[in-house]
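Novice: I'd like to ask some things about the structure below.
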Amino acid sequence: MTSEQNIQTFRDFLTQYNLVAEQCFNSCVNEFGSRTVSGKEESCANNCLDKFLKMTQRVSQRFQEHQLLNAQANGAAIKVENGGKINKIQ
C-alpha cells in the first residue's frame, strides 16, 4: 500500500469515526447540566457503538459472500465458454 493510500485509508477511518461519534452523541446526550457522563448516557453510547460495529461486521460479511458468489459465477461462465476446459494462463 502506498503512502497516499495509507493517508486516504486513515482519512476514511477518521470520517467514519467522527460520524459514529456524532450520531451516538446526538442520540445519547440530552442534558448538559453536569460535566460528568451519566450512567444512562454511557450505557446508551456503548450500545450505539456496539450496534454500529455489529452492523459493519454484518455488511462486510454479506459483501464477502456476494464477492464469492460473483467469483463462482464468473468461474462457471468461463468453464462454459471454454467448453468445460480450463486453460492454464502462462
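Yeah, the Cβs are placed from backbone N, Cα and C, and that goes for glycine too.
Summarising the annotation, Swiss-Prot assigns disulfide bond to Cys24-Cys48, Cys28-Cys44 and lists similarity to another entry as the type of evidence. Under the heading motif 'Twin CX3C motif', Swiss-Prot lists 24-48.
Can you tell me where each of these features sits in the structure?
Specialist: The secondary structure of Cys48 (disulfide bond), as reduced to three states from DSSP, is helical. If you take the C-beta of Cys48 (disulfide bond) and look for same-chain residues 6 or more apart in sequence within under 8 angstroms, you find Val20, Gln23, Cys24, Ser27, Cys28.
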Novice: Under a three-state reading of DSSP, tell me whether Cys24 (disulfide bond) is helix, strand or coil.
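Specialist: Reduced to three states, the DSSP call for Cys24 (disulfide bond) is helix.
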